[in-house]
């Protein structure tokens with residue numbers, strides 16, 4: 001008997017309801033029951049679940065066709081099935097509960113549709129619990145449901161005599177929160193249909209997904225909040241939608257500089273170009289020619305980089321003479337050879353500093369001759385400062401616009417969110433040039449509105465209770481600000497959920513962010529091109545299904561002011 005007790009089955013993590021029902025043997029009972037919510041936010045909710053008792057494990061699904069369970073637990077260590085009189089309400093007339101021998105473990109509450117159903121479920125659960133312990137109690141079955149009620153419940157509700165030690169149930173059970181029942185759904189019927197079209201199809205792909213998720217099961221010490229539908233693996237696709245800045249950034253760079261792809265491979269100096277474009281410092285002028293001369297010198301001294309490395313002094317003196325006579329030829333060669341000469345300096349940095357003083361002198365001697373050529377190779381790294389020198393006279397016309405008090409703030413707006421490389425991070429560079437010709441007040445407001453959402457707003461969790469805990473931690477007294485908000489991952493489907501603290505009801509409110517045709521919305525009538533513009537809208541417009549709730553404070557963000 002003791003050897004048998006050590007082999008209590010462990011709930012299977014990802015199995016469809018139909019697959020479980022068709023497994024040979026082991027299914028004691030299956031049917032629909034109402035299950036009490038497991039989190040603090042859902043204690044008053046009793047969603048309908050399809051429950052299967054299989055080999056002394058209880059599984060519950062959203063429906064009989066679900067691809068994976070909402071949760072499951074082993075009956076190991078549970079020693080009593082009782083009526084739950086304290087949970088009886090007008091909606092739950094026939095509740096019952098399954099109690100663990102240890103008070104540290106969860107008590108599970110279910111509600112049947114009739115007295116007969118409750119007797120049947122309780123009798124079968126009692127039989128499963130006593131499988132290894134009380135062979136004499138096995139005659140308890142559904143036929144007892146027709147017997148006297150008091151005698152039936154007296155026999156069923158008697159605790160099973162078991163010992164606690166052999167049951168390692170801490171990390172075997174798991175539960176997926178029924179959070180989709182707690183969302184504030186849109187008032188109009190159309191968004192509901194849109195949700196069906198958008199969200200129901202992904203419910204079936206998850207069955208193959210749990211395989212990469214399997215390492216996560218061992219990481220969960222207490223399993224009552226485990227997410228089994230695999231939203232974790234499905235979530236990476238949405239961030240690329242909001243994280244497109246990186247791709248867009250590369251595209252913008254390629255438009256800005258056609259030779260950028262070539263430079264990206266050989267040299268780490270590429271980041272210098274964007275800096276010069278947006279904020280050209282005059283201090284870089286003497287060093288830029290120095291950076292430009294080594295490529296000219298390497299090509300004029302020898303056709304390949306190998307002869308250049310042995311004798312640095314001799315090559316440098318001869319290159320000075322050659323450069324004085326053939327500067328234009330070398331600069332033309334640079335356009336085709338600038339990839340090859342930049343390879344060696346990365347592998348042999350010491351020679352470059354040794355020769356740099358001579359290059360700088362040469363650069364000081366020949367600035368007029370070089371200034372005539374930069375038009376040919378504006379794309380390379382070095383020619384940027386000369387190219388920017390030319391527009392300086394034009395800049396003399398700009399001071400009339402630039403002295404505006406708003407404009408100096410724009411650089412701060414670009415750099416202020418240290419944690420926010422958002423998909424709008426480069427949107428400032430486009431409006432800034434046209435805005436110089438326009439009147440200042442309106443454009444500066446537009447630029448301000450395009451500040452990206454900080455990364456701290458996106459919380460990497462699927463639990464509303466976890467977000468509530470984070471919100472309360474922001475205040476010493478545990479009272480979050482009204483309108484404090486963040487965006488978390490959805491626990492049931494691929495997508496995002498807007499979580500807002502409602503001070504009037506002293507709780508968080510969840511709004512699923514729907515998406516269709518690259519548009520985002522909380523309710524069907526108002527569509528937005530991005531999550532950022534949607535959040536901006538609800539800073540000044542009341543959220544759906546509420547009288548006065550606005551988005552006011554992004555979580556974890558302290559402004560630059």
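Cβ coordinates are placed from backbone N, Cα and C, and glycine is handled just like the others.
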Quiz item: Out of 191-200, 201-210, 221-230, 271-280, which range is noted as motif 'SH3-binding' by Swiss-Prot?
Solution: 201-210
Quiz item: Which one of 114, 427, 490 shows up in Swiss-Prot with the note phosphoserine?
Solution: 427
Exercise. Based on what Swiss-Prot says, identify which of 302, 416 is the phosphoserine one.
Key: 416
